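Report on the structure given below.
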Amino acid sequence: NSAHPCCDPVTCKPKRGEHCISGPCCENCKFLTAGTVCLPAWGDFDNDLCTGISSDCPRNPWHKS
């Protein structure tokens, strides 16, 4: 059983000095830079962009539900 390289096996949280474990805005245990496209534009809607402070990809408020 191999542990995730970003995860502290005791706490199941990111290791000291790391930002994240996984997510569309997480790469190599770090948050992607603000403005990085995490969901490309489609139709008449703009790209969804990483914030630089979260591993989540925030939804563009102009996307259809």
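For all residues, glycine too, the Cβ spot is worked out from N, Cα and C.
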Second cysteine of the disulfide that Swiss-Prot assigns to C57, among C29, C38: C38
C29, C50 - which one Swiss-Prot pairs with C6 by disulfide: C29
Cross-link partner of C50 (disulfide, per Swiss-Prot) out of C25, C26: C25
Cysteine paired with C20, where Swiss-Prot records a disulfide bond, from C12, C26: C26
Cα distance (Å, whole number) from C38 (disulfide bond) to C20 (disulfide bond): 15
Chain-internal residues near C38 (disulfide bond), provided their CB is under 8 angstroms and they sit 6+ positions away: P24, C25, L32, D48, L49, C50, C57
PLDDT averaged over every residue in the domain 'Disintegrin' (1-65): 88
